[in-house]
């Protein structure tokens with residue numbers, strides 16, 4: 001497989017993995033926790049580096065999952081103790097992220113991990129960092145990580161589909177009828193953390209938020225069914241990656257930036273032209289109603 | 001036998017007590033209205049009894065057993081305004097949620113569950129709306145979907161939070177019908193209610209509450225002008241106009 005295809009595949013995997021886990025957060029009205037987790041996983045990555053002395057996939061995934069869950073837990077605890085939830089998110093994510101930034105400076109020149117890279121990512125480097133087993137190269141590490149997280153997410157969504165649905169729609173009722181609501185909540189947080197860290201190298205901490213939130217918001221305008229919402233969200237993620245890559249090559253601009261911009265354009269298109277909830281349809285309907293009365 | 005026994009329940013919101021040392025018991029097979037002014041803690045009482053919110057102190061027993069061992073006997077109809085009706089799903093799906101315990105972990109609803117859920121929709125007059133997106137239902141229809149979900153649970157004790165709030169006449173009728181059927185089947189029903197004029201028609205038991213319980217027992221002996229005065233404070237002139245029990 002050549003360089004271009006690896007990049008497109010990586011982008012598509014980022015799109016579908018983030019799109020499908022992010023939309024679940026959106027339904028819980030917790031989109032901004034994606035913003036928080038996407039930043040605090042930096043601390044998890046740096047922490048994993050201190051422990052394992054490498055930027056290998058597995059310690060990074062574990063570190064990110066731990067810090068991601070801790071973020072969700074701290075936000076929840078602060079909120080319970082009476083602090084507004086948006087303020088709680090702001091406090092937790094800036095402090096943990098800042099700690100990550102400080103710790104990064106200790107790593108210095110040892111490895112390729114700096115603040116700019118962490119924030120923006122660099123998908124163009126992804127194909128060079130390949131998985132090496134006994135001198136053989138098996139494709140980019142990022143693709144393996146994203147693939148693993150995607151499969152894991154899909155399995156968890158399939159297994160806990162019913163539980164996720166009930167506890168998102170009506171958490172109190174879910175608790176009453178025996179759904180493990182807290183478990184499902186942290187399961188979702190874990191999925192988002194893993195998706196974020198797997199996407200980190202490619203698109204960085206800021207743009208990954210676009211991939212987590214925008215495809216879900218776009219899909220929400222296009223369907224009224226839960227399963228379709230998940231699927232469309234994944235597809236929008238993939239389309240964004242493809243369109244973004246095309247645009248980036250054509251205009252010679254940042255690939256990750258173009259991909260994130262593409263999510264915004266797709267959202268705008270859905271916002272205007274969605275057959276059910278689009279702005280144009282609403283206008284047309286209003287005009288019909290006005291004409292009839 | 002008492003279906004529900006609540007002892008010493010205290011709930012505090014932001015240092016303000018919402019419920020203070022509430023104790024009462026509800027006999028099995030009764031249809032009980034929880035009555036009190038706004039802010040009396042009626043909904044809080046239900047949520048505290050079902051352990052959906054943190055409580056400062058208090059215990060709940062269901063058929064003389066601790067609540068946590070008896071959860072499977074409890075059905076619940078929350079206030080309609082507590083969920084997001086823009087959630088992407090249809091009426092049948094919501095009703096199927098009531099079958100969660102029967103369906104179990106990891107498994108999907110089978111034909112029997114779906115048939116059951118459809119039958120529940122039919123009982124509340126919503127059989128034509130099974131596949132309707134929930135945001136496209138009227139307020140009354142949404143309430144009936146919640147009733148059908150509670151029906152689908154096939155519980156022994158039902159808690160209902162303001163089921164009559166803002167519903168149309170057809171829904172009101174469906175709720176009354178449902179409560180009567182439950183009573184006939186020997187089920188126990190506890191309803192948060194605020195329309196005093198209908199209390200005597202709907203309920204055979206009444207719990208009068210204003211942060212503390214004022215009185216609890218059969219409607220005839222408890223739903224009196226004296227007790228209402230104690231529960232509602234000064235607004236008794238209004239009560240006499242709307243309450244048939246005014247003369248007692």
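Placement of Cβ uses the backbone N, Cα and C atoms for every residue, glycine included.
Positions annotated as transmembrane segment by TrEMBL: A:6-25 (among others). Beyond the transmembrane segment (A:6-25), the same-chain residues lying 6 or more positions past its ends with a Cβ under 8 Å from any Cβ of the stretch are 31, 33-34, 123-124, 126-127, 139-140, 142-143, 146-147, 149-150, 153-154, 157, 164, 168, 188, 191-192, 195-196, 198-199, 202-203, 208, 211-213, 215-216, 219-220, 229-230, 233-242, 244-245, 255, 259.
Feature annotation from TrEMBL assigns transmembrane segment to A:32-51 (among others).
Among the features that TrEMBL reports, transmembrane segment is placed at A:57-75 (among others).
If you look up TrEMBL, you'll see A:87-107 (among others) marked as transmembrane segment.
What TrEMBL records for A:141-161 (among others) is transmembrane segment.
Counting same-chain residues at least six beyond the ends of the transmembrane segment (A:173-197), those with a Cβ under 8 angstroms from any Cβ of the stretch are 17-18, 21-22, 24-25, 28, 33-34, 37-38, 41, 44-45, 60-61, 63-65, 67-69, 71-73, 145, 149, 152-153, 156, 160, 163-164, 166-167, 205, 208, 212. Residues or ranges marked as transmembrane segment by TrEMBL: A:173-197 (among others).
According to TrEMBL, the feature transmembrane segment maps to A:203-222 (among others).
Residues 7-8, 11-12, 14-20, 22-24, 27, 157, 211, 214-216, 218-220, 222-223, 254-263, 265-266 of the same chain lie 6 or more positions beyond the ends of the transmembrane segment (A:229-248) yet place their CB under 8 Å from a CB of it. According to TrEMBL, the feature transmembrane segment maps to A:229-248 (among others).
Marked as transmembrane segment by TrEMBL: A:254-273 (among others).
Note: the stretches the transmembrane segment (A:57-75) and the transmembrane segment (A:254-273) are not in contact (fewer than 3 CB pairs below 8 A, sequence gap of 6 or more).
Simply put, out of A:87-107, A:141-161, A:203-222, A:87-107 has the most Cβ pairs sitting under 8 Å from the transmembrane segment (A:32-51). Panel annotation: around the transmembrane segment (A:141-161), residues 6, 9-10, 13-14, 16-17, 20-21, 24, 57, 61, 126, 129-131, 184, 187, 191, 194-195, 197-199, 201-202, 230 of the same chain, lying at least six beyond its termini, place a Cβ under 8 Å from a Cβ of the stretch. Within its own chain, the transmembrane segment (A:254-273) has Cβ neighbours under 8 Å at 7, 11, 14-15, 120-124, 202-204, 207, 210-211, 214-215, 217-218, 221-222, 236-237, 239-241, 243-245, 247-248, 279-280, counting only residues six or more beyond its boundaries.
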